[in-house]
Amino acid sequence: MQNLSRVSVFELTGLNFTSEYKYFLFSLTLLCYPFILMVNITVIYVIVINKHLYEPMYIFLCNLCMNALYGTLGFYPKFLYDLLSDHHVISYLGCLVQVFVIYSSTLCEFSTLTVMAVDRYLAICRPLEYHRIMTNNMVIMCIVFSWLSPFMCMLVLVLLSSSLTLCGSYIDKLYCENWSIVKLSCYSTMLNNVVGYIIIVVYLIHSLFIMCSYIKLIDTSIRSKEERSKFMQTCLPHLLSLLNVTVALLFDVMFTRYGTTRNFSQDLRNFLAIEFLVIPPILNPLIYGLKLKKIRNQLMRFYHRNIIRDIGDMPRPM
């Protein structure tokens, strides 16, 4: 294999579409990305301007929406540009930055869902101790944890990948992915592999912790009608978010490491590779915004007030 240790650009080979299909995807993405921005910014704005929503559950939801804006920024602008370009390349540094942004955002979602599970466990299973434990300082520590741990994990992975001597420059995906870079190495990647597995196990433990907390939550919730209602309103959306991002990310990681192109078509692989960049940023604000009564009421008031204002600003007939 030709030694390309001084790789300056990577070529993204997962974008080999026909021109008609590219234009269709561009149009679809051009609708999807602004919608993601709109729904997430709306939920953030509603929570920020309403002080009676300054509760841990809504603050964590706000954090989830902010993370969606951060993560999608690492994918959609470059993807839209590539759909209109004949040369699907990304610089070496740009590739490492994209890896860091996309996957730190995904890990941040796991961390945020974990602290949300802790919050719901305390609220439903230990309500008398909730306010004593979930103080403002604890909320701040949870938010710092949800961002700092993914950043540190991805920083280690990206630094390890950047130290590799590469013997190729082709990445068979729509975007840069860490293991796709590691596979281009000319030499042993044992350290990268071990660190990668450690991080996978750590975040699988996050998921198992959330599932265990839900077993306890379900056991507590079935005892009374009020607790069942609280579970359905606040916990069911959280569980749907967790299942979606876990299944999508596990497929992405396992296929990148062990899959072959003979098992799945290119279109299916592309969809599953970006599923966690499309569905959660849309699903989270929608299901929380529709399911949580306080958020839903504030959204209705927000849009009702703007509609009334716009009607009032319309010129009246003479």
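Cβ atoms here come from the backbone N, Cα and C positions, even for glycine.
Nobody curates TrEMBL annotations by hand; they come from automatic prediction.
Keep in mind the model is a prediction, meaning the values are calculated, not measured.
If you look up TrEMBL, you'll see 39-288 marked as domain 'G-protein coupled receptors family 1 profile'. TrEMBL lists 23-46, 58-77, 89-118, 139-160, 194-218, 239-259, 271-290 with the feature transmembrane segment.
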Contact between the transmembrane segment (194-218) and the transmembrane segment (89-118) (at least 3 Cβ pairs under 8 Å, separation 6+):
yes
Ranking 23-46, 58-77, 139-160, 239-259 by Cβ pairs under 8 Å to the transmembrane segment (271-290), which is first?
239-259
For the transmembrane segment (139-160), I need the partner stretch with the highest count of C-beta pairs below 8 angstroms, choosing only from 23-46, 58-77, 239-259.
58-77
